[in-house]
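Colleague: Mind looking over this structure? Questions follow.
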Amino acid sequence: MKKLLFTIFFLSCFFLVAKKASAQTFSFSPATAAKKIGEEFIVTVSINVGTSKTQGADLKFTFDDDVLEITEVEKGGFFPKGGYNIQGGSAYLSYGNDQALVTGTGSGVFAKLTLKGKSGGAAKLAVVCTTQTTDSNIWDESTNDVIVCGSIDAPDYTITEDDGGAEATPAVTAAKTPTPTPLVSGITLPTVFGFGVGTALTVLGLTLLF
């Protein structure tokens, strides 16, 4: 009896771990960091869709734009098309495949963010992820949002003053401002697949989001 109970417990743990490992989610690297005012650093956003055939994905997060700014957004290699929009302390990235029936599986780089500290303080990227279709989503080939919100660990950064304890003096250079790219630039939107639905809803309701 004890052997049977142990076997059941072991199998339960195995399936729970396997399920968590294959969760459709986003991750950030580095997840934590301490940077100085005026210092730029790169954050890699990865996507993992497991074996799900995925048409596209959206990532929305908020941040304290008094402490942190996004100076550049670079599309990763997992999806070929898409764009982003940054307004104040809210960022929205949307990338996907440019043809119907073309799907992606596994994991890869969704985007790379170049961040810069503006003032001392906590600078957490708070991912907005619910059951709604206007926030963070991962779309499978059947228009289902398969993202597992609970598997996303939001990154937490700290911006500090320089070693002397005084605020860093900004360099006299032109400020870099990211140039937003169209959310669906160059994408042929499928009408019956997940990415098409997610992106279409995003474009129609973009002004409501911000």
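Keep in mind that glycine also has a Cβ here, set from the backbone N, Cα and C atoms.
So TrEMBL lists these for the protein:
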{"type": "DOMAIN", "residues": "31-148", "note": "domain 'Cohesin'"}
{"type": "SIGNAL", "residues": "1-23", "note": "signal peptide"}
{"type": "TRANSMEM", "residues": "187-209", "note": "transmembrane segment"}
Colleague: Using DSSP, what is the helix/strand/coil residue split across the domain 'Cohesin' (31-148)?
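Modeller: Tallied per class, the domain 'Cohesin' (31-148) gives 0 helix, 75 strand, 43 coil.
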Colleague: Mean pLDDT for the domain 'Cohesin' (31-148), as a whole number?
Modeller: 95
